[in-house]
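A quick write-up on the structure given underneath.
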Amino acid sequence: LRLARGQPPDLSKRLDSSVSFKHPKHVELGVVVDHLRFKFKNHNVSEVLRETLIIINFMDSFYEPLNADISLSAIEIWTESNLINVDYKDLLEVFLEFQAWQVTHWLPRAHYDHAHFFAFQKYDDTLGWANVASVCSRTELMASTTSQRGLNLIMDAVLVAHELGHSLGMLHDGQDCKCAQKTCIMNAVNAYADHFSNCSSQSYFDFVTSGAECLNNFPQEVVEPKCGNKLVEKGEECDCGTKKECQEDPCCQPNCKMRPGAKCTSGLCCEQCQLLPAGKICREKQNECDLEEFCNGTTPLCPEDVYVQDGTLCSDDGHCYHKGCYLHLRQCQNIFGLQAKNAPLRCYREINTKGDRFGNCGISQNRYMKCAVEDVLCGRVQCTNVKATPPMPDHTTLIQTHLKEINIMCWGLDYHISLIAMGLQDIGAVKDGTSCGPGMICINRTCQKASFLHYDFSHLPQT
């Protein structure tokens, strides 16, 4: 096995290096299978797909100790003919053609972090090619190629795992590199192995802490449309699941059609298989900044959730914003319990002007932004009078900052960059719409005049 190109990770760009490698990484593979392998499997697409999934599953088990998941996000089987020339003497020529093809013809219509090409014939130069540290590049470099005969799926998986390892920043193992076996996956000579060495692990962690943001997002699960999966899909009126489950459903039949006389099967405006009358409340008002919604008598669905106009005055000199009346105090109580209090301005100034994961006014270009003095109340929420630490969401870290001059303990939460792509909510950031001064509210981590919401304060009700 050889490297087509070297491109070591830029360690100067590490993001949250102390924590980001602790979170699972998700490598979404796009696989292209050549025409010869399809012919070898008697033109059976299902068999080619089955073997590909077996290979991916083996790879997933190899990468598990690195806290990395390998999944198949796209596959293309060339059933008619090869779309690139594979009849070269050396696999390198095939690799270069596939690189150019995937970025021009496949990447625009498929989602993947890395593309791999299975070539079903032997070549003179080597068994595989890949570019080092190329995953997430969104260029022709994010590809690899292997020459495999498909006779031993475990060896196929080791070979693809090796090439993917290069793309994830790993080099070939040297004499000082060790694992639980005599040889490891990144050995320069292809051999059976199912463990990565200490060197490979370090190279991988260096790579993922220097960027590789595309590995943070969770792969989207693909569900095959069919009647009986309890999902109402195109052509179905309802879907009650299995025959046994449908026996207990008064509105839906096993063929995904409504029972005779039924007008609906689900929805906030559906009751006992019939539409609720117009004017019936289907969604109650949740707070002073919310509005009720009513059924219209023609659909089982409750109308879209609507709320009081942004900027309307609410409790404690706050302003309604996107259905909520947000205050620093309430956010502290939601996080730390009812005894918690909002911290003094000194805490906000001390912490949110630092520009780290505990104190900032947002993230821009993978960097924490320091708060300007006038925006400190719109950065990360700071609380006091915390008597106990309640259960926190996964990947959440508490910080205590003692201000000796005023003898105050400021409490807050972190949120680091790698959590963004994971879709995890930042509960420690000051919410948009929170008051940051008389007639001022926080929007996008800045303190702005509430008048920009265009609420007409001249028509306030008389009290």
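Backbone N, Cα and C atoms are what each Cβ position is placed from, and that goes for glycine too.
What TrEMBL says about this protein:
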DOMAIN    25-219  domain 'Peptidase M12B'
BINDING   His162, His166, His172  Zn(2+) binding site
ACT_SITE  Glu163  active site
DISULFID  Cys179-Cys184  disulfide bond
DOMAIN    224-310  domain 'Disintegrin'
DISULFID  Cys282-Cys302  disulfide bond
Rounded Cα-Cα span from Cys184 (disulfide bond) to His162 (Zn(2+) binding site), Å: 10
Other CB atoms within 10 A, centred on His162 (Zn(2+) binding site): 28
Whole-number mean of pLDDT values that fall within the domain 'Peptidase M12B' (25-219): 92
Secondary structure tally of the domain 'Disintegrin' (224-310) (DSSP, helix then strand then coil): 5 helix, 13 strand, 69 coil
Set of same-chain residues at least 6 away whose C-beta sits under 8 angstroms from Cys302 (disulfide bond): Gly267, Leu268, Cys269, Cys282, Arg283, Glu293, Cys295
Winner by Cβ contact number (other Cβ atoms within 10 Å) across the disulfide-bonded residues Cys179, Cys184: Cys184
Candidate nearest Cys179 (disulfide bond) in space, where candidates are the recorded positions Glu163, His166, His172 and distance is Cα-Cα: His172
Per-residue Cβ crowding (10 Å cut-off), top of binding-site residues His166, His172: His166
For the residue listed as 'active site', the number of other Cβ atoms found within 10 Å of its own Cβ: 25
Alpha-carbon spacing, the residue listed as 'active site' to His172 (Zn(2+) binding site), which is rounded to whole Å: 10
Cβ neighbours of Cys282 (disulfide bond) where a neighbour is any other Cβ within 10 Å: 18
